[in-house]
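Q: Before I ask anything, let me first share the structure, which is written out below as structure tokens.
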Amino acid sequence: MSQLDVLIVDDEESIRNLIAANLKDEGFNPKIAANSTQALKIISEKPVSAVILDIWLQGSEIDGLGVLEIIKKRYPLMPVIIISGHGTIETAVNAIKMGAYDYIEKPFNNDKLIILLKRACEVTKLKRENIDLKSKVIDKTELVGGCPVTLKYKMEIEKAASSSSRIMIHGKVGSGKELAARLIHKQSKRVNNPFIIFSPTCMTTEKINQELFGESEKQENNNKRPTILEFANNGTLYIDEISNIPIPIQVKLLKFLKDQTITKPCGKKTKVDIKIITSTAKNIQDEVNNGKFLEDLYYRLNVFSLKVPSLYERKEDIPLLVKYFVKQLSKFSGLKERHFSDEAIAALQSYEWPGNIRQLRNVVEWTLIMNPLTTGNNEIIKPYMIPSEILANSANLTKLEDSFDMLSMPLREAREVFERQYLSAQMSRFNNNISKTSSFVGMERSALHRKLKLLSLHIPPTNRINEEEYEKANA
């Protein structure tokens with residue numbers, strides 16, 4: 001087994017050297033640091049397997065609890081064992097609440113420390129293996145789908161990931177803007193560094209100011225909690241719904257973007273390296289025109305503009321998305337894995353989905369919960385099992401509209417009404433894709449073009465697969 005790197009952080013040199021010697025005898029590779037600055041530098045250069053951390057760190061810029069907070073934010077799985085010569089029960093409890101693996105008082109028994117350290121490393125190893133196993137089953141940063149719109153979108157994400165420019169993600173509510181940001185980070189050179197999400201929605205101006213810049217009227221002088229910008233250093237900062245940031249903070253953010261420099265409580269200026277991704281469901285240009293967003297800030301953040309397609313634009317992906325959500329819910333929520341019938345999928349594809357991907361996932365979950373697998377109920381999900389509001393607002397594929405009485409019509413007229421409704425629903429289902437619609441309904445594309453013209457069903461020019469064929473069919 002390869003040696004595990006363990007960082008020892010203590011302001012007393014004799015303690016550092018003693019622990020380091022004992023760890024070396026036990027097959028560990030010890031690293032030492034006398035203060036918070038040295039400790040965080042060592043970890044940022046190469047994450048260690050575990051940390052043994054003194055809680056006080058006299059003369060250090062940040063005390064042990066502050067270092068613990070930073071480590072758990074950046075490396076949630078990294079085990080930290082807290083040591084202290086004059087701690088209290090309250091201090092120990094606080095350390096454990098903040099994520100410390102355990103707490104041990106000085107003077108400590110060397111064998112006890114070694115046993116504790118080995119146990120912490122083993123537990124962390126099992127956690128990592130469990131996470132790796134789950135990620136192989138379902139990748140939470142996977143963009144599901146293979147329709148042309150999605151493939152183009154995936155290519156745009158790859159370009160955004162390879163770029164060092166700032167990125168603004170535009171998309172409707174529930175379309176997957178955070179997923180896009182995660183994918184960009186995952187495919188970038190910063191993948192092994194922090195990915196920090198900051199959502200200013202529902203925050204006060206003072207709270208946003210404190211989180212980003214560490215400035216607050218209520219902040220005590222000895223409160224040196226790192227800011228969001230410090231946490232994101234060398235990584236990616238994703239600011240969700242950037243339009244919710246008030247003008248005073250926009251001014252400060254604009255100033256920061258000019259040189260990416262932050263000022264610490266001591267007055268020292270520090271340069272940080274952050275890839276900034278923002279997102280919005282609003283039209284920021286309209287916000288600029290209405291005086292709600294700084295024009296200069298908009299231009300600085302919107303260097304690379306990425307539009308997230310709505311679910312309506314990628315209805316062909318719905319079968320794959322449904323399978324993905326069913327598998328995900330089965331693995332992590334305990335719901336039985338089910339199969340949606342072709343008719344149920346068709347009904348889902350005919351819906352407009354104003355809530356986009358998020359709404360589809362909720363509908364799949366609701367359907368599985370409300371239709372449990374029983375002895376009298378097979379595994380197939382039928383259309384009637386889907387929420388009634390979805391069916392009511394879908395293009396109906398199973399019956400004629402109520403606005404006419406089929407029995408009162410001649411055969412030719414009734415057939416024409418049925419064909420219009422049927423083809424309209426199928427075209428909507430396949431997002432006006434002539435090729436896929438014709439393949440499903442069993443018609444040649446040219447014949448389908450003629451039939452649509454005869455029924456006065458028009459196709460948007462952007463969805464005509466072959467303009468030359470279209471013109472020939474409509475000549």
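In case you wondered, yes, glycine gets a Cβ from its N, Cα and C as well.
Heads up, here are the entries from Swiss-Prot:
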{"type": "BINDING", "residues": "171-178, 232-241", "note": "ATP binding site"}
{"type": "DOMAIN", "residues": "5-121", "note": "domain 'Response regulatory'"}
{"type": "DOMAIN", "residues": "143-369", "note": "domain 'Sigma-54 factor interaction'"}
{"type": "MOD_RES", "residues": "ASP54", "note": "4-aspartylphosphate"}
Q: Which of the three DSSP states, helix, strand or coil, fits ASP54 (4-aspartylphosphate)?
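A: Assignment for ASP54 (4-aspartylphosphate) reads strand.
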Q: So if I draw a 10 Å sphere around the Cβ of GLY174 (ATP binding site), how many other Cβ atoms end up inside it?
A: 20
Q: What whole-number Å value do you get for the CA-CA distance of ASN233 (ATP binding site) and ASP54 (4-aspartylphosphate)?
A: 24
Q: From the Cα of the residue listed as '4-aspartylphosphate' across to the Cα of THR236 (ATP binding site), what is the distance in angstrom?
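A: Per the Cα atoms, THR236 (ATP binding site) and the residue listed as '4-aspartylphosphate' stand 30 Å apart.
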Q: Would you mind checking how many other C-beta atoms are within 10 angstroms of the C-beta on ASP54 (4-aspartylphosphate)?
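A: There are 25 such Cβ atoms around ASP54 (4-aspartylphosphate).
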Q: Do you know the mean pLDDT across the domain 'Sigma-54 factor interaction' (143-369)?
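A: That region's mean pLDDT is 89.
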Q: List only the single closest residue to the residue listed as '4-aspartylphosphate', chosen from the binding-site residues GLY171, GLY174, LYS177, ILE239 by CA-CA distance.
A: ILE239
Q: Restricting to the same chain and to sequence separations of six or more, state which residues have a Cβ under 8 Å from that of GLY171 (ATP binding site).
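A: For GLY171 (ATP binding site), the qualifying residues are LYS177, ALA180, SER279, ALA281, LYS307, VAL308, PRO309, SER310.
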Q: According to DSSP, does GLY174 (ATP binding site) sit in a helix, a strand, or coil?
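A: It is coil.
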Q: Three-state secondary structure of ASN233 (ATP binding site) from DSSP?
A: coil
